[in-house]
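According to Swiss-Prot, the features are:
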MOD_RES   Ala2  N-acetylalanine
COILED    100-124  coiled coil
MOD_RES   Lys102  N6-acetyllysine
REGION    109-131  region 'Disordered'
COMPBIAS  112-131  compositional bias 'Acidic residues'
MOD_RES   Ser124  phosphoserine
Amino acid sequence: MADVVVGKDKGGEQRLISLPLSRIRVIMKSSPEVSSINQEALVLTAKATELFVQCLATYSYRHGSGKEKKVLTYSDLANTAQQSETFQFLADILPKKILASKYLKMLKEEKREEDEENDNDNESDHDEADS
């Protein structure tokens with residue numbers, strides 16, 4: 001495993017991965033099921049994470065709108081999460097952006113619909129009581 005080397009750190013030493021292992025360890029330990037993490041598992045998880053992020057970014061770039069500008073945007077990632085079956089599990093983590101004004105309008109409409117539903121329920125309950 002030490003044969004595979006990618007990149008260099010600040011001191012000029014070669015590194016297997018580019019993500020900070022300390023951060024990966026903290027994330028892994030945040031799971032209640034994890035009590036200890038050996039170094040090999042940590043390195044493999046970090047490398048797998050890098051490869052996953054690379055795959056997500058590549059797919060999003062190829063299918064995104066920023067290809068002409070050679071740019072990968074958040075919208076490209078969110079669209080990938082919404083449209084790709086492979087990345088569907090990320091839909092809650094990468095939601096499509098929405099303006100606050102649009103969101104507030106949607107909330108008002110939902111509340112109005114709920115109020116109308118409650119009014120209809122109350123009327124039908126009242127009608128049943130009269131019968």
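Cβ atoms here come from the backbone N, Cα and C positions, even for glycine.
Summarising model confidence by region, the coiled coil (100-124) averages a pLDDT of 85.
Counting every protein chain shown, the Cβ of Lys102 (N6-acetyllysine) has 10 other Cβ atoms within 10 Å.
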